[in-house]
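S.K.: As annotated in TrEMBL:
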type: ACT_SITE; residues: Asp8; note: active site, nucleophile
type: BINDING; residues: Asp8, Asp10, Asp179; note: Mg(2+) binding site
type: ACT_SITE; residues: Asp10; note: active site, proton donor
type: BINDING; residues: Asp19, Asp99; note: substrate binding site
Amino acid sequence: MKILLVFDFDNTIIDDNSDTWIVQCAPEKKLPLELKDSYKKGFWTEFMGRVFKYLGDEGVREDEMKRAMISMPFTPGMVELLNFIRKNKNKFDCIIISDSNSVFIDWVLEATNFHDVFDKVFTNPAAFDSNGHLTVEKHHTHSCTRCPQNLCKNVVLVEFVGEQLQQGVNYTRIVYIGDGGNDVCPVTFLKKNDIAMPRKGYALQKTLYRMCQNLEPMESSVVSWSSGVEIISYL
């Protein structure tokens, strides 16, 4: 009987947003106005596809992007938390569900040697094409109206827990650690024994607080955090 730990990536494991961080590779570290203005709500992955094409057209190469990505700081206490999970892997399964992309997350986990902590990473698949441009695709298609087109984290979590159950793995509880608006949907899947752990001062915490004020039904407990060390002491 294990506990399932579910992590977001941007502003949760790392202390920034990988998609906006990569803009420092652009000329003058900014995007042209017409490219910035091309973003439509709910279509972030398509927008990032255009950003990566622009970076490629401007001659930004893979090694330069990788250097930028692995320079991102971890969120306070997160290194300690991941080391704690590694020491106690017999008690925890650990997954990432992220709106970033597979290349960025791989680079960071590889550079910091934390690949072994995570059993699975669910994110938007990315790869470099024959021109050396980074391309990104949607993680999946879904019918959830609350989430961006490319990823409903709730659908991913429900499917993962269901598949694990078929393999005979039944989690005593799920602990969901995240920060953003797209973490609200999977938190609604959590049950009475489960814990939602929103990062203090970020969108997820504010939304859950508002839901409590409005007496919207939510089964799980809510425990806010600002450092991974607080999560260790809770676990």
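Just so you know, glycine gets a Cβ as well, placed from its N, Cα and C.
So that I understand the layout, could you describe where these features sit and how close they are to other parts?
M.R.: A C-beta separation below 8 Å, combined with a sequence spacing of at least six in one chain, links Asp8 (active site, nucleophile) to Ile96, Ile97, Ser98, Ile177, Gly178, Asp179, Gly180, Asp183.
Counting every protein chain shown, the Cβ of Asp179 (Mg(2+) binding site) has 23 other Cβ atoms within 10 Å.
All chains included, 24 other C-beta atoms sit within 10 angstroms of the C-beta of Asp10 (Mg(2+) binding site).
Around Asp99 (substrate binding site), the same-chain residues six or more apart in sequence whose CB sits under 8 Å from its CB are Asp10, Trp44, Thr45, Thr123, Asn124, Pro148, Asn150, Leu151, Gly180, Asn182, listed in sequence order.
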S.K.: List the other residues in this chain whose Cβ sits within 8 Å of the Cβ centroid of the Mg(2+) site residues Asp8, Asp10, Asp179, in sequence order.
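M.R.: Going along the sequence, the neighbours come out as Phe9, Asn11, Thr12, Ile13, Asn17, Ser98, Gly178, Gly180, Asp183, Arg199, Tyr202.
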